[in-house]
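Undergrad: So TrEMBL has the following annotated:
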type     : residues                                               : note
ACT_SITE : C319                                                   : active site, nucleophile
BINDING  : 45-50, D70, R75, 132-136, 173-174, E208, 319-322, R389 : NAD(+) binding site
DOMAIN   : 375-508                                                : domain 'UDP-glucose/GDP-mannose dehydrogenase C-terminal'
Amino acid sequence: MAPIASSSHSNLVGLSQGLSLSDSAPQINDSPSFHPPVRSICCIGAGYVGGPTCTLLAARCPHIQVTIVDVNPSRIAAWNSPPDPLTGELTGLPVFEPGLGEVVKACRGRNLWFSTEIDEAIRAADLIFVSVNTPTKKSGIGAGYAADLHYVESSTRRIASVATSSKIIVEKSTVPCRTASSMRTILEANSRPGIHFDILSNPEFLAEGTAMRDLQNPDRVLIGCLDTPSGREAADRLGEVYENWVAPERIYTTGLWSSELSKLAANALLAQRISSINSLAAICESTGANIGEVAHACGLDKRIGPNFLRATCGFGGSCFSKDLLNLVYLSESLGLHPVAEYWRGVLAMNDWSKARFAQKVVSTMFNTITSKRVAVLGFAFKKDTGDTRESPAITLCRTFLEDNALLSIYDPKVPHEQIWRDLVNDPSRPSPSPYPGSGGVLLDSSLDASIASLKSSSRVTLASSALEACRDAEAVVITTPWDQFRTLDWQAVFSQMQKPAFVFDGHSGFLDVARLEKIGFKVQAVGRGPEKMDAWL
Ligand SMILES: NC(=O)C1=CN([C@@H]2O[C@H](COP(=O)(O)OP(=O)(O)OC[C@H]3O[C@@H](n4cnc5c(N)ncnc54)[C@H](O)[C@@H]3O)[C@@H](O)[C@H]2O)C=CC1
Ligand SMILES: O=C(O)[C@H]1O[C@H](OP(=O)(O)OP(=O)(O)OC[C@H]2O[C@@H](n3ccc(=O)[nH]c3=O)[C@H](O)[C@@H]2O)[C@H](O)[C@@H](O)[C@@H]1O
């Protein structure tokens, strides 16, 4: 495979063996004739990806009009919410991302619009990003594994039915391999005569909490296209948009199917590293080795590298599990059962890591947490986001509640209503969302009743600060590594806790264990062996 390099807008490299000609990356750049330079963009889906991605695009391309649309009016209203009158900050946005508010403020009303007028935005656009949710199917064929593509399909049908001019359609959502082919069939079967669509795959690699930084300075922009003159030209047009702020050598063009698969592959490989280090963390805890030292020692090898080797109480987030399940399903569908088993193992290790951590809390606290107050610090799946989808904190809190603990939970960004819903929602159903219609379950009466019952049981308190959450607690469990938890006044925490005061750190190397032990805490941290192992030295 050629290294990332580009001599034209399309970085036309990456012919993959085994692909038919139309699957492979194109080799030459034909003169344009199908699509004019992009002046107007529509993004369907105003979520964690569509919102930040197209906001940054609007900021870097003032000559392009960008309209982000969504079927969910409350989400769009939140994107259009006014600045706080006191601070001037945009605190009502539906997505919390450091730096996002400032960029929205600078562009909104200039060349950035948030709207529910989907048809109008589709008609006006030269290029359309499809950034809708692709959750794991909850029922029917492939339930629990396959991606639910009905949001992608309904967006595609809508484009076909309302478009009055030719367009470039860009898959931004993470989709199974060959989804572009289904989209093309739908578009061709439903569009008006004389209208031409080209479909590109342009997966998104941003991570929540660092989205604006990742979008501004991506490791790579991947564009998959068909090897046809119009497909190559469409890739050029999208490449030109990115070149307003991304160096051409970081824009990598491949065949469509390689691009679709690369997104699943990248997430699978990242998740695999976490499960690998978490498996080693378990060995450390039983031997007296320290996972921080082991990870550092391994990461010094340039072939391994230091990133994504932080042992934790398990990975979360809306995509790692979903995309791994998708890969497992794809492998099974292709009859590649050992491949499916291999990736399934990454998920199994993650489930085990969460269960193991919860078990450690219970066993350390003399094998019972019944009626003991446990302070849970953090509820989002990682710091600097308010997103709780697949957060390990949810699994841990549910386990503690099943063991009859009293929970006191604090997170700086997750709204209380979201925490209540996550605690009572059946995990086999879609993750509930504060934005009805956004892909999560709608608030229904049974959910409301469960929340009311949990609230009235007094088994869970939602605190307004970390210190408040820790008051009278017998244990503090760090589930999300927000910076403010590291710099907490731990002496003050200790003085107001029951004794012995336990701390369980779900993120290796996050807390200064030696300092906490000096204060008097009994500390357990993922991947840190027991003191007594060193006793024979
Ligand atoms: N969340 C993340 O950090 C990343 C997500 N992805 C992928 O991006 C895609 C979107 O993910 P998120 O933004 O997190 O999802 P999300 O659930 O936050 O947003 C999706 C939005 O699409 C809207 N929508 C659904 N169908 C629609 C339709 N027919 N017309 C108009 N709007 C519609 C929903 O109302 C929702 O607001 C998924 O495929 C995901 O795997 C990729 C990289 C990062
Ligand atoms: O497709 C997606 O949705 C995105 O998924 C991840 O991004 P994200 O889930 O937002 O955040 P990460 O930083 O990857 O963290 C995911 C989870 O892994 C955990 N993690 C991360 C790193 C690590 O070393 N150990 C570890 O347990 C985090 O605590 C978190 O729970 C990928 O990093 C993005 O490239 C990708 O675009």
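Quick reminder: no glycine exception, Cβ is built from N, Cα and C everywhere.
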Undergrad: How does the domain 'UDP-glucose/GDP-mannose dehydrogenase C-terminal' (375-508) divide up by DSSP, counting helix, then strand, then coil residues?
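TA: Result for the domain 'UDP-glucose/GDP-mannose dehydrogenase C-terminal' (375-508), in helix, strand, coil order: 48 helix, 20 strand, 66 coil.
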Undergrad: What's the CA-CA gap between C319 (active site, nucleophile) and T136 (NAD(+) binding site) in angstrom, rounded?
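TA: T136 (NAD(+) binding site) has its Cα 10 Å from the Cα of C319 (active site, nucleophile).
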Undergrad: For C319 (active site, nucleophile), which of the three DSSP-derived states applies: helix, strand, or coil?
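TA: Its secondary structure by DSSP: coil.
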Undergrad: Quick one, of the binding-site residues Y48, T136, which Cβ has the fewest other Cβ within 10 Å?
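TA: So among Y48, T136, the binding-site residues given, the one with the fewest Cβ atoms within 10 Å is T136.
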Undergrad: Just the binding-site residues from G45, Y48, D70, N133, T136, S321 whose C-beta lies under 6 Å from any atom of ligand 2, please, or none if there are none.
TA: none
Undergrad: Would you mind checking how many other C-beta atoms are within 10 angstroms of the C-beta on G45 (NAD(+) binding site)?
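TA: The Cβ of G45 (NAD(+) binding site) has 29 Cβ neighbours within 10 Å.
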Undergrad: Which of the binding-site residues D70, N133, T136, E208 have a Cβ less than 6 Å from any atom of ligand 1?
TA: D70, N133, E208
Undergrad: Look up T136 (NAD(+) binding site) in the DSSP assignment and reduce it to helix, strand or coil.
TA: strand
